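Accompanying notes for the structure given below.
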Amino acid sequence: QVVVPEEVFFTVAAAGILENLLVLIAVVRNKNLHLPMYFFICSLAISDMLGSLYKTLENIFIILCEMGYLTCRGDFEKKLDDAMDFMFILSLLGSIFSLLAIAADRYITIFYALRYHNIMTLRRALVILAIIWTFCAGSSIAIALFSYEAATVIPFTILFPLMMFFILCLYVHMFLLARTHAKKIASLATSTVHQRTNMRGAITLTIFLGVFLCCWAPFVLHILLVKFCPHNPYCACYMSIFHVNGTLIMCNAIIDPMIFAFRSPELRSTFKKMFC
């Protein structure tokens, strides 16, 4: 096993939780950020926090069990395992559907710019988020309870590449048609400014997608290998970097807020006011 030092592990986890917490506080405090796009970003931040929290709690329980402070046997071990699985799946599903909501929001912003505020109201955004998190919580409970069944693992792992492919298609469609759409509304005085802003948002969210795939895909692959080829020597070799893959999930929670702060002038301004 390739083991990540506990000091490094907990430092990365704490940094991820604090950074995403700062994003949530910034959006709550600044009324100019009370927009659907930033609410969807907050949803992604909550998912990232859950990912870091899941790995942190899991490691704490493992350490306590090894030191003899907890007796991780029987029903207690199963309940603890189910609770950890629930947090992990909720974090993954929450991230996927939050990215999907952000992609859809950017799509509407680019191609229906004049009607955006009528289509994507604050109330509709909150309803969408409520549906997303209700579905994710229900699915996470079901998958955690039946995680040992192949019929549960297969749909869960298929969902990951399927949703990523759908989001990717949405982005490709946005970039291919963005210039054509810009020409159609070129007669408007503010069209160029709007188009630059919207394309900047699309590029930012493409970066989110790339970071998400790099950080989560190795762990999802690990789950598949554990289920379907646990004794194969090549699979065992890959599974030896389990702790590294877990750390990558928490790195995602650190990188996302950095992208928010770097790409969003409003968030940069809010952070400056908070710290200065």
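Backbone N, Cα and C define each Cβ position, glycine as well.
These come from TrEMBL:
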type: TRANSMEM; residues: 12-28; note: transmembrane segment
type: DOMAIN; residues: 19-260; note: domain 'G-protein coupled receptors family 1 profile'
type: TRANSMEM; residues: 35-54; note: transmembrane segment
type: TRANSMEM; residues: 86-104; note: transmembrane segment
type: TRANSMEM; residues: 125-148; note: transmembrane segment
type: TRANSMEM; residues: 154-178; note: transmembrane segment
type: TRANSMEM; residues: 199-221; note: transmembrane segment
type: TRANSMEM; residues: 241-262; note: transmembrane segment
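Counting only same-chain residues 6+ beyond the ends of the transmembrane segment (241-262), those with a CB under 8 A from a CB of the stretch are 1-4, 8-9, 12-13, 15-17, 19-20, 22-23, 41, 44-45, 48-49, 51-52, 55, 91, 95, 204, 207-208, 211-212, 214-216, 218-219, 222, 268, 271. Remote same-chain residues near the transmembrane segment (35-54) are listed as 12-14, 16-17, 20-21, 23-24, 27, 84, 87-88, 90-92, 94-95, 98-99, 101-102, 105-106, 109, 120-122, 124-126, 129, 132-133, 201, 208, 249-250, 252-253, 256-257, 260 (criterion: CB distance under 8 Å, separation of at least six residues from the stretch ends).
Regional average pLDDT for the domain 'G-protein coupled receptors family 1 profile' (19-260) in the model is 79.
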